[in-house]
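Asker: As listed in TrEMBL for this protein:
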TRANSMEM  7-27  transmembrane segment
DOMAIN    43-252  domain 'Calcineurin-like phosphoesterase'
BINDING   D49, D82, Y85, H251  Fe cation 1 binding site
BINDING   D82, N120, H214, H249  Fe cation 2 binding site
Amino acid sequence: MEFHLRFLLTNFIGVHAFFFFISLATAELPRLQHPTKVDGSLSFLVVGDWGRKGAYNQTQIARQMGKIGEKLKINFVVSTGDNFYDDGLKSINDPAFLNSFTKIYKAKSLQKPWYNVLGNHDYRGNVEAQLSPNFRSVDSRWLCMRSFVVNSEIAELFFVDTTPFVDKYFVRPKDHKYDWSGVLPRQHYLSNLLKDVDLALRNSAAKWKIVIGHHGIRSAGHHGDTKELVKQLLPILEANEVDLYINGHDHCLQHISSITSRIQFLTSGGGSKAWKGDFSANSHKGMRFYYDGQGFISVQLTPNDAIVAFYNIYGKVMHTLNLSKGLYSAV
């Protein structure tokens, strides 16, 4: 692990000047530093469930992301997982990396760091390949780790590997094969991850605490709530006063306000194929917005305020969430 992180750091410094430091402490999540803008603000885009070689309107979504990215002068892009369909990457030489990522997100404004988590479809491929720092010699924007933290002064983003939490992938995998290398023994992996996430959140002094995972905690989409995350991860997020939990997995755009805490649950899983009219039986009192189509979201932060916008395939804003410390509202 320590060797892997040292190799990662060397590649970051040699390839991309954005990345400044990764903690090598064995009991902590890897940490990256990303500066804010000169005025102290921060903005980024979030897209999920996208990697289909441009199909299912992935290219059109990428085009709109480029336009919004230029308008907002984004600092980076966040991916909520399922980066390569249907079965992840086969190897570090898999052409799907170029055909689904590099050749699709070509806009100048998107030539910024991409911070990625793994989704369940990524786990069906060669996980170590997708995590390999060698991909930065192909496209220097790419950063994918299982779980890590991005510190950007006014905000900290906590990326959590959610796929190993879900029981059905282990007990009812159907015809799918999952690459669990680096995860087994599972309970030991999850126990350590939960401890590391809790420690990182408790030690955070950031104005905004944002957690990103692939699977939804609260969702009215096809998959509904992820019961394992509700039981194991949600109490940690509530105890540490997390502001936003952002996920993909459900191929939609969605906003649910917690009725028991300050957390806003945001789904950005419309990067390519969407599930029109496909809802779960779950009903959420905190439902603020649901769109069963393709799109992405933007997040703009200052020390005291946040604006989250949901965009469709035409770049039209369909919903906004305005947050401030002490006052939350949605329109």
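Cβ coordinates are placed from backbone N, Cα and C, and glycine is handled just like the others.
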Asker: Starting from H214 (Fe cation 2 binding site), work out which of the binding-site residues listed here (D49, D82, Y85, H251) have their Cα within 10 Å, and give them in sequence order.
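Answerer: The binding-site residues passing the 10 Å Cα test are D49, D82.
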Asker: About how far apart, in whole Å, are the alpha carbons (Cα) of H251 (Fe cation 1 binding site) and N120 (Fe cation 2 binding site)?
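Answerer: Their Cα atoms are separated by 13 Å.
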Asker: Determine, for the Fe cation 1 site, the additional residues of the same chain whose CB lies within 8 Å of the mean position of the CB atoms of D49, D82, Y85, H251; present them in sequence order.
Answerer: G48, W50, G51, R52, G119, H121, G248, H249, G269, G271, S272, K273
Asker: The domain 'Calcineurin-like phosphoesterase' (43-252): mean pLDDT?
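Answerer: That stretch averages a pLDDT of 97.
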Asker: Spatially, and counting Cα to Cα, which of the binding-site residues is closest to N120 (Fe cation 2 binding site)? Options: D49, D82, Y85.
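Answerer: If we rank D49, D82, Y85 by Cα distance to N120 (Fe cation 2 binding site), first place goes to D82.
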Asker: Measuring Cα to Cα, how far is H249 (Fe cation 2 binding site) from Y85 (Fe cation 1 binding site) in Å?
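Answerer: Rounded to the nearest whole number, the Cα-Cα distance is 12 Å.
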Asker: Starting from each candidate's C-beta and looking 10 angstroms out, tell me which of the binding-site residues H214, H249, H251 has the most other C-beta atoms.
Answerer: H214
Asker: Which residues in the same chain, at least 6 apart in sequence, have a Cβ under 8 Å from the Cβ of Y85 (Fe cation 1 binding site)?
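Answerer: Non-local contacts for Y85 (Fe cation 1 binding site): G51, R52, S100, H121, S272, K273.
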